[in-house]
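Taken straight from TrEMBL:
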REGION    1-23  region 'Disordered'
DOMAIN    25-164  domain 'Potassium channel inwardly rectifying transmembrane'
TRANSMEM  61-82  transmembrane segment
TRANSMEM  136-159  transmembrane segment
DOMAIN    171-341  domain 'Inward rectifier potassium channel C-terminal'
REGION    359-393  region 'Disordered'
COMPBIAS  384-393  compositional bias 'Pro residues'
Amino acid sequence: MAQENAAFSPGPEEPPRRRGRQRYVEKDGRCNVQQGNVRETYRYLTDLFTTLVDLQWRLSLLFFVLAYALTWLFFGAIWWLIAYGRGDLEHLEDTAWTPCVNNLNGFVAAFLFSIETETTIGYGHRVITDQCPEGIVLLLLQAILGSMVNAFMVGCMFVKISQPNKRAATLVFSSHAVVSLRDGRLCLMFRVGDLRSSHIVEASIRAKLIRSRQTLEGEFIPLHQTDLSVGFDTGDDRLFLVSPLVISHEIDAASPFWEASRRAMERDDFEIVVILEGMVEATGMTCQARSSYLVDEVLWGHRFTSVLTLEDGFYEVDYASFHQTFEVPTPSCSARELAEAAARLDAHLYWSIPSRLDERVEEEGAVEGAGGEADADKEQNGCLPPPESESKV
């Protein structure tokens, strides 16, 4: 019994070791990985649309402005060359001369006519005439290419504006993860919440353990990823995220923390990455929010403070207590040692309770001893007395 009691005793606490570990995923969800020495940069151009969408806002606006400005300048220069080649600029005062474009008297006028043509403004001051076939062909070409440029750039800006990245900012994770008992078993837990009243549809949660390992053959695998079960088999990983939920990973025999005690976990070096995915109810687009917990951010022997209260006709969530925890009695041993101690305790209780058969034999032995009639067959432990008919005979 001393071993079982020792397993549940908190024991002397040690301050957690401070590390300078580099995060794999930042607390705000940004992946702390940069692509270096990428020589096949042409691959980015094969998917130009995604490349423009992934650019920073200042670069996206720069490309947006340049796409239109360069197109207007390019076609404006061609309109000016047509006017110059036909000699329209030399007959500006000749009323009998039919130019390609009326009132086009220089490069600036050609540039303005290019803008009016591509944007279909049509002020009416500069008009193409029917005596210029090359101008008609150029007008058709600019109208088609202008529509393509417009569709491409407006599409890029629309997708960039409607990206659900900002929606993920209102999906919050607790600042710490905790380890405590749930139904007699050690569990690693963290909390998630949604600050908006419009909910995430088909929300699901995943957790990854990021830890370097070495194989039996001596191969070193940096940042090895291991799944942490958060209810995939039972469907608990699919969330109805209306109010904050505590996500639990039960530390069982399949868990990588099965043999990790409190001291061992504090000395370990790992990172837990949590991923929340779902569709935005307002737009139907997929949203993903991420966060991570280092060793120093896992509190052993803590539990989350309740944030949900029942008011008059509704439930209220107090997000001021969202990150708060409090200490609870928790064994400092590993989950494996806890399970073995519980098994020994159950076995001790089972064998310490006499069976009903033994109790009956003891009662019969006491009665026979008082009457002085002891039977050798009845003295054997667990033997039943003979039937009444046989005893009478």
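Keep in mind that glycine also has a Cβ here, set from the backbone N, Cα and C atoms.
Bear in mind that TrEMBL entries carry predicted annotations, made automatically and left uncurated.
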Here the mean pLDDT of the domain 'Inward rectifier potassium channel C-terminal' (171-341) is 92
DSSP says what for the domain 'Potassium channel inwardly rectifying transmembrane' (25-164): how many helix, strand, coil residues?
86 helix, 4 strand, 50 coil
